[in-house]
Amino acid sequence: MLIAGPTASGKSALALKLAQASGGTVINTDSMQVYRDLRIITARPTPDEEALAPHRLYGTVDAAVNFSAGAYVEAAAVALAEVRVAGRLPILIGGTGLYFKALTRGLSAVPPVPAEVRDAVRLRLDRDGVQALHAELAGHDPEAAARLAPADRTRIARALEVVLATGRPLADWHQQTSPPLLPPDDVVAVFLAPDREALYARIDSRFAAMLQGGALNEVAALAERQLDPLLPAMKAHGVPALIRHLRGEITLEEAASIGAADTRHYAKRQFTWFRHQLPEFKWVRPQEADAFLNTVMPGRA
């Protein structure tokens, strides 16, 4: 069972309800909720919620790790095997489309980039700026350079790392994929699609609740580690803005506004991404989800 959807759409509550009713195990498919340092700011299930049904792959990775889609698929393969041996229903839930695509379509065969290449590219990114790297990428991989926004630091650096390390453009590697761990015909895949305005209001209220629940202290502890700002955990929604506040650059109110706005923009992109990249997911209104699950999984939802 795959449950996807934009952030704050009610995925976790639905997955927990299904796990309790079916004897299932909830398996995380969110790229930020894997980090143990970020329970509050990523809206990970609470300890009380985790006690109601088995949960896997939540808070298992240190924030200093650049946890890739390949690493996720490897971890998910182990979790799925263990859940199946236990005779439980695997319920994969999250909002990271790339993870779902890797699970159901297979993973591209991009080899690991040597640390010295990655470090050299990041050093030049900080020293020379993203425009210089974008121009260099155009010389090595013009297709990627044309496709990527000139200010997209992360993706430009990644594309340049791959072509420098392997001598082949990233698109070439993406054409080679491994067999999918979860073929589309073997799963029920749902995308929760709430009303946009209601979702955005919920995002705003949830971000405020996160701050009241200790998100600022959580981010302060992360900031004290002085990790590479390009690491995924350091770019989780709300983290950069709250770090700016902790440095005295902006007020807490400004940080909250930026964090909530970034999250709303991300939710909008999730709608678009799933519609175009994973059209096999069944779009369901949250209020209709129970009825849909009872139809496709009678007696288990």
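From the backbone N, Cα and C atoms, a Cβ is placed for every residue, glycine too.
What Swiss-Prot lists as ATP binding site is Gly5, Pro6, Thr7, Ala8, Ser9, Gly10, Lys11, Ser12, and the listing cites sequence analysis. In the shown protein chains, 21 other C-beta atoms lie within 10 A of the C-beta of Thr7 (ATP binding site). Secondary structure at Thr7 (ATP binding site), taken from DSSP and collapsed to helix, strand or coil, is coil.
Using a 10 Å Cβ-Cβ cutoff, Ser9 (ATP binding site) registers 26 neighbours. What Swiss-Prot lists as substrate binding site is Thr7, Ala8, Ser9, Gly10, Lys11, Ser12, and the listing cites sequence analysis.
Annotated region 'Interaction with substrate tRNA' per Swiss-Prot: 30-33, in sequence order, evidence recorded as sequence analysis. Packing against the region 'Interaction with substrate tRNA' (30-33) from elsewhere in the chain are residues 42-44, 58-59, 67, 72, 93-96, 98-99, 232-233, 236-237: each is 6 or more residues past its ends and has a CB under 8 Å from a CB in it.
Counting every protein chain shown, the Cβ of Thr96 (site 'Interaction with substrate tRNA') has 20 other Cβ atoms within 10 Å. Annotation source Swiss-Prot lists site 'Interaction with substrate tRNA' at Thr96 (among others), citing sequence analysis.
Secondary structure at Arg118 (site 'Interaction with substrate tRNA'), as computed by DSSP, is helix. Cβ environment of Arg118 (site 'Interaction with substrate tRNA'): Glu161 lie under 8 Å away, each six or more residues apart in the same chain. What Swiss-Prot records for Arg118 (among others) is site 'Interaction with substrate tRNA'.
Per-class residue totals from DSSP over the region 'Interaction with substrate tRNA' (30-33), listed helix then strand then coil: 0 helix, 0 strand, 4 coil. The Cβ of Gly5 (ATP binding site) has 28 neighbouring Cβ atoms from other residues within 10 Å, across all protein chains displayed.
Same-chain residues with CB within 8 A of the center of the Gly5, Pro6, Thr7, Ala8, Ser9, Gly10, Lys11, Ser12 CB atoms, the ATP site residues themselves not counted, are Gly95, Leu192, Pro194, Leu199. Taking a C-beta cut-off of under 8 Å and a sequence gap of six or more, Ala8 (ATP binding site) has these contacts in its own chain: Ala43, Leu199, Arg202, Ile203, Arg206, Thr263, Ala267. Of the chain residues outside the substrate site list Thr7, Ala8, Ser9, Gly10, Lys11, Ser12, Gly5, Pro6, Ala13, Ala43, Gly95, Leu192 have their Cβ within 8 Å of the site's Cβ mean position. Reported as a whole number, the C-alpha separation between Ser9 (ATP binding site) and Thr96 (site 'Interaction with substrate tRNA') equals 13 Å. Summary: among the binding-site residues (Pro6, Gly10), the fewest other C-beta atoms within 10 A of the C-beta are counted at Gly10.
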